[in-house]
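Lifted from TrEMBL, the feature list:
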| type | residues | note |
| --- | --- | --- |
| TRANSMEM | 41-66 | transmembrane segment |
| TRANSMEM | 179-195 | transmembrane segment |
| TRANSMEM | 215-231 | transmembrane segment |
| TRANSMEM | 243-260 | transmembrane segment |
| TRANSMEM | 266-284 | transmembrane segment |
| TRANSMEM | 296-324 | transmembrane segment |
| TRANSMEM | 344-362 | transmembrane segment |
| TRANSMEM | 416-437 | transmembrane segment |
| TRANSMEM | 463-479 | transmembrane segment |
Amino acid sequence: MMYIRQRRETKTVEVSEGCPSPKQNVNLEKKLPSGCASGRFWKILSSVVGGIVALCIGLLTSVYLATLHENDLWFSNIKEVEREISFRTECGLYYSYYKQMLQAPTLLQGFHGLIYDNKTESMRTINLLQRMNIYQEVFLSVLYRVLPIQKYLEPVYFYIYTLFGLQAVYVTALYITSWLLSGTWLSGLLAALWYVTNRTDTTRVEFTIPLRENWALPFFAIQIAAITYFLRPNLQPLSERLTLLAIFISTFLFSLTWQFNQFMMLLQALVLFILDSLDMLPAMKATWLYGIQISCLLLVCTLQFFNSMILGSLLISFNLSVLIVRKLQKNLKTGTFLTRIGKLLLHLLLVFCLTLFLNSIIKKILNLKSDEHIFKFLKAKFGFGATRDFDANLYLCEEAFGLLPLNTFQRLSETLLFYAYMFVLFVTVVTASVVAFRNLSDSASPQSMGQTRKCAVDLKPEAAYNLIHTILFGVLALSTMRMKYLWTSHMCVFASFGLCSSEIWELLLRLVHLCNPKRIWVMRYSVPILTLLYLCCKSWPGMMDELSELKEFYDPDTVELMNWISSNTPRKAVFAGSMQLLAGVKLCTGRTLTNHPHYEDKSLRERTQAVYQIYAKRSPEEVHSLLRSFGTDFVILEDSICYERRHQRGCRLRDLLDVANGHEMDGPGDSDPDLRPADHPRFCEEIKRNLPSYAAHFTRVFQNKTFHVYRLSRNK
């Protein structure tokens, strides 16, 4: 296992990065001097200053995260094998393809090796560009080979610096989104600072660098910023076309870099659908966005050699259904309140039924089963029946796929983010509800229209879009902890926008009969400035402590294992073991694997369950037969899995295997009545006794405190 320990010898490090202090001269867009020329000058000056601050805060965030990564692992000082081991689980698998492309004699041979790969899954040739989202590794490897930087920058640093550089893009995009919503760059500064001070809950890039979401989320943030601008009324035709181009490019890059893009964009499509149905969004703009989502997915599908999982996604079926039903139901937004409610319910029913129909037809034509484990997981998670499915339970038992822990809100509250977010969310939800009711009532009298304009904060389509966006992604984060990073980053944007919004303060001051332009201006700037000062005073000491705390990577058992494999096994040897460990074996040694952590393939999931019988109650003959069917030469057993204590009974890997095999679980506690005692002891425990029945098939060739490696005999 990997540990982080204090360095024995540390040196004092001077850190030059500072927390940017809020500026007092924030007399921005809403308070311009008299005179057209003078007002234009101050507006341009404000935009320039805001842009410079955005770039600076983005770069500082990037440097801060890179420094934390270096301080935690002492990355610049450890050996290459230790650097590679630090890319845990699937991160190591993705990085291995970057390394593979760099080691190929030519780029053409590198591409050929990815398209016809026979080392990732033994006895099988797969197209990695079709199966996995690794175009980013391909692009970086090509860039590194053609640029004259090999003498000055190691490949691993080029890779990780690119990821940390994308964090600068991410923070800048969040900053710009908040600025666009509120009209002041002070809001963007507050959003960025909240993102940094809540780093534990907004990003995990510093210890999971190659993870797909770290590539994708910066492009997703750019897309949200572009959509926010696109939904503004009265855009010039040129601005609108350029914004659509930005939305298309960012959506395409987001889709290309993350295999779960379709589920995130499905929620985004639901946001557009809700707002369009409630007449809070221009229908034509919603149509453009639906079309961009479909075209981007189809383009990615083409680049991924017609990946069937993309074609069978719910997103494509849903967007097509919305466009078809809207054509059939042209008069959806006419009639009295009750008439419109009835039409809306019928509209929802038609879209829902047509989506399921189209999706089932597409999956039947394509014989698509790659994503069935996700729907099994969702069905069990939300209480639609218990399951003994191994794959579904594997997800259900992982903390990352559980409910969002309550201590998350405690951490977010310490920086005032959660309080500010709930305040802004409450105000905007109430006013948006009023606006939606008025839209459905088809109230068109001059008096009511004037009252509607008073709720301008949620009448603005861009504000309404971000409101529904944060609600839906909040629901996703609450139900699945791993998805919290989508919500918490947008939480920073939404909370800062509300505190700096003249419309929200105008509405609140009207309620207490204290509304005038001067008070609105004072509240709009004083509250965020005080919040910024609080954040700087509270977070600065902790950030300095983090930057001064020096640790080092320490995982001697895994290092010893990788060195032994590299030195004592044939280069064509096939290894079996846990998905997480085998990703490291692929990266560090280049050996062939039986299975790996990229779980979006039905046949691979079946193979993984078969390999994992090494931790079940199976006979040595059965285990040997299963492993040899995949061409296995060596199997690695891990004590941390065989004697697992991390999960409670019922969620240990050995328990999941026992239940899937119909066997009773170990330890105190009841098992389901239909489960029976196993005919054989647990393989991973019994093999260590070196009994003749086991020794005939398995010979131990390596062991340390964590790992045991056995060579399989070739006799049947």
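Placed from the backbone N, Cα and C atoms, the Cβ positions cover glycine too.
At the 8 Å Cβ cutoff, the transmembrane segment (243-260) and the transmembrane segment (344-362) share fewer than 3 close pairs (sequence separation 6 or more) and do not count as touching. Between the transmembrane segment (344-362) and the transmembrane segment (416-437) there are fewer than 3 Cβ pairs closer than 8 Å, counting only pairs 6 or more residues apart in sequence, which means the two stretches are not in contact. Here the transmembrane segment (416-437) has long-range neighbours at 194, 198, 278, 280, 409, 452, 455, 457-459, 463-464, 467, 470-471, 491-492, 494-499, 501, 504, 507-508, 531, 534-535, meaning same-chain residues at least 6 beyond its ends whose C-beta is under 8 angstroms from one of its own.
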